[in-house]
Amino acid sequence: MIAGVVTARNPGEALEKIKTSKFNLYEVRLDSFESFEGLEVLGEYSKKLIFTPRRREEGGIRPLDDGTRLSLYRRVMELKPAYVDVEFASDIAQEVMELAKEKGVGVILSYHDFNGTPDFGKLLTLLEDMEELEPEIIKIVTTANSPLDNLRVLRLYEHAENLIAFCMGPLGRISRVFSAQLAPFTYAPLEGEVAPGQLRAEELDRLRVMLFG
């Protein structure tokens with residue numbers, strides 16, 4: 001399954017993009033919004049939505065402070081989305097997870113490394129630390145500086161269920177194809193490229209079929 005990544009200037013624009021596309025899930029990048037007025041219009045599709053308000057330091061598109069992000073998490077949780085995404089290292093991660101549990105909303109606990117890929121021992125320790133918080137899904141994304149980095153990340157699938165793991169960057173594209181087969185779902189942009197090395201949904205699915213049938 002593929003989650004379409006939605007970037008937009010406001011909730012209304014995001015809604016129109018969702019209405020005119022055909023994905024089973026959508027990651028709504030709240031950090032791309034210039035305005036949050038009328039956020040509730042997205043409730044129509046809430047069961048298909050992942051809400052992600054990242055800080056700039058976590059790969060966010062626009063700057064968001066933690067107070068604003070917490071407010072956004074509270075607002076979108078009232079819509080009962082499929083998931084909210086929060087970065088493992090974020091100062092508000094624990095609070096977000098507690099709020100999500102109260103509201104019955106799934107959590108994707110994420111880790112991103114925009115510079116490289118740690119050795120496998122460190123990745124496995126990271127995975128175990130993240131599992132202790134008991135999120136519904138763990139997402140580990142690193143940057144491939146060599147083809148072997150893909151193998152280190154993909155080995156994590158042997159140690160966890162409900163895991164999304166792949167590498168960013170041109171050298172990481174093959175791991176995205178494997179994640180389309182091994183993970184509960186993976187990501188593809190509705191338009192452009194939201195993260196380095198992203199593949200369009202059609203290309204991702206074509207390559208997945210070529211490799212796995």
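Using N, Cα and C of the backbone, Cβ positions are placed for all residues, glycine too.
Taken from Swiss-Prot as is:
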ACT_SITE  His112  active site, proton donor/acceptor
ACT_SITE  Lys139  active site, schiff-base intermediate with substrate
BINDING   Glu27, Val28, Arg29, Arg54, Arg176, Gln198  3-dehydroquinate binding site
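Positions of Swiss-Prot features highlighted on the structure.
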residue	record	DSSP (3 states)
Glu27	3-dehydroquinate binding site	strand
Arg54	3-dehydroquinate binding site	coil
His112	active site, proton donor/acceptor	strand
Lys139	active site, schiff-base intermediate with substrate	strand
Arg176	3-dehydroquinate binding site	helix
Gln198	3-dehydroquinate binding site	coil
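Considering only the binding-site residues Val28, Arg29, Gln198, no residue lies within 10 A of the residue listed as 'active site, schiff-base intermediate with substrate' on a C-alpha to C-alpha basis. It is 16 Å from the Cα atom of Glu27 (3-dehydroquinate binding site) to that of His112 (active site, proton donor/acceptor). Each residue contributes its Cα atom, and for Arg29 (3-dehydroquinate binding site) and the residue listed as 'active site, proton donor/acceptor' those atoms are 15 Å apart. Across the structure, Arg176 (3-dehydroquinate binding site) and His112 (active site, proton donor/acceptor) place their CA atoms 14 angstrom apart. Proximity of Gln198 (3-dehydroquinate binding site) to non-local residues of its own chain (separation of 6 or more, Cβ distance below 8 Å) is seen for Val5, Arg176, Tyr187, Ala188, Pro189, given in sequence order. Among the residues Glu27, Val28, Arg29, Arg54, Arg176, Gln198 said to bind 3-dehydroquinate, no two Cα atoms are farther apart than 21 Å. Comparing Arg54 (3-dehydroquinate binding site) with the residue listed as 'active site, proton donor/acceptor', their Cα atoms are 11 Å apart once rounded.
Neighbour list (Val28 (3-dehydroquinate binding site), Cβ cut-off 8 Å, at least 6 residues apart, same chain): Val6, Ala8, Ala14, Leu42, Leu49, Ile50, Phe51, Thr52.
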